[in-house]
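Take a look at the structure below.
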Amino acid sequence: MTETESTERGATVPDFQNPVAGFGVTFKAMFKKRLTEQYPEEKKPTAPRFHGRHQLNRHPDGLEKCIGCELCAWACPADAIYVEGADNTDEERYSPGERYGRVYQINYLRCILCGLCVEACPTRALTMTNEYELADRSRESLIYTKEELLAGLTETMVDTPHAIFPGMTEKDYYNGLVTGAAPGTVRQAAVSQGERPEDEGVSA
Ligand code: SF4
Ligand code: SF4
C-alpha cells in the first residue's frame, strides 16, 4: 500500500483521508445544477433552425408548391427521396403550374437530415420542421409518403385537387398575390387516385 494516492485534481492525500476524499466528489455533485432531462415526459424546444422532419408546403389557397421536378432527389447524398411528377389538368389540379408531385417519399432510414434537398428546391415546397421523433418499429413506417409530409390546411385553404384562383397565373402565386382560396372553391375529384366525381365531398 502506498502512503499517498492521487485525487481527482492530481494532488495527493494521506491514506487516512482516502475514504472521505472519495465522497468529496459525490458531495460536490449534489449541489451542481442537474442536467438530467425528463424526456419524453418533458420535451425541451429545439433550436429554431434545427433540422427535423420535412414538410411539403402549400400556397395560401391550398394548392401544393411542389412541381415534381426531382431536384431534391438529385441533390440528396443519401438517395433518400423518391419523386414522380405528373401533369395537372383543369379537372384535377394540385399545383398552379403545369406539373405536380404525384408521388413523394422520404426514407428516414437513409436521411441524414443534412438539408441539401431544401437548398435544391426551386419553389420552397420543401422545408424542414423541428420534429425529431422519427423512431419506429418497421421499415415501412419510416418511409414517409406525400400524404404524411404535406402541410396541414389552414382556414384560407381548400384541399387539393382544386382549380387555380380565377385570373391568377403561376407567377402570381409566387409573387404572393394569392392570399387564400377564391370564394366558392371546392375540392375536385382525384380521378388519378381512383375517386369518382360523384363521390361524397368532391366536385365534378
Ligand atoms: S435532408 Fe439530406 S439526406 Fe435527408 S432527404 Fe434531404 S438531402 Fe437527403
Ligand atoms: S420538393 Fe421541390 S425540388 Fe423536390 S420535386 Fe418538389 S419542387 Fe422539386
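Keep in mind that glycine also has a Cβ here, set from the backbone N, Cα and C atoms.
Any TrEMBL annotation is an automated prediction that lacks curation.
Taken verbatim from TrEMBL:
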- 56-86: domain '4Fe-4S ferredoxin-type' (DOMAIN)
- C66, C69, C72, C121: [4Fe-4S] cluster 1 binding site (BINDING)
- C76, C111, C114, C117: [4Fe-4S] cluster 2 binding site (BINDING)
- 102-131: domain '4Fe-4S ferredoxin-type' (DOMAIN)
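TrEMBL feature annotations superimposed on the structure.
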residue: C66; record: [4Fe-4S] cluster 1 binding site; DSSP (3 states): coil
residue: C72; record: [4Fe-4S] cluster 1 binding site; DSSP (3 states): helix
residue: C111; record: [4Fe-4S] cluster 2 binding site; DSSP (3 states): coil
residue: C117; record: [4Fe-4S] cluster 2 binding site; DSSP (3 states): helix
Most crowded position, judged by CB atoms within 10 A, among C76, C117 as binding-site residues: C117
Filtered binding-site residues, from C66, C69, C72, C111, C121, whose Cβ is under 6 Å from an atom of ligand 2: C66, C69, C72, C121
Position of peak Cβ density within 10 Å, selected from the binding-site residues C66, C69, C114: C66
Spatial neighbours, same chain, of C111 ([4Fe-4S] cluster 2 binding site) - Cβ under 8 Å, 6+ residues apart: C76, A78, A80
Between C117 ([4Fe-4S] cluster 2 binding site) and C66 ([4Fe-4S] cluster 1 binding site), the C-alpha gap once rounded to whole angstrom: 12
Remaining residues near the recorded [4Fe-4S] cluster 2 site, that is with C-beta within 8 Å of the centroid of the site residues C76, C111, C114, C117: C72, A75, P77, A78, A80, I81, I106, I112, L113, G115, L116
Integer Cα-Cα distance in angstrom, C114 ([4Fe-4S] cluster 2 binding site) to C72 ([4Fe-4S] cluster 1 binding site): 12
Intrachain residues whose Cβ lies under 8 Å of the domain '4Fe-4S ferredoxin-type' (102-131), provided they are six or more past its termini: 45-46, 48, 50-57, 64-69, 71-86, 94, 139, 142-146, 149, 174, 192
Candidates C72, C121: member of the binding-site residues with the richest Cβ shell (10 Å): C72
Candidates near ligand 1 among the binding-site residues C66, C76, C111, C114, C117, C121, judged by a Cβ under 6 angstroms: C76, C111, C114, C117
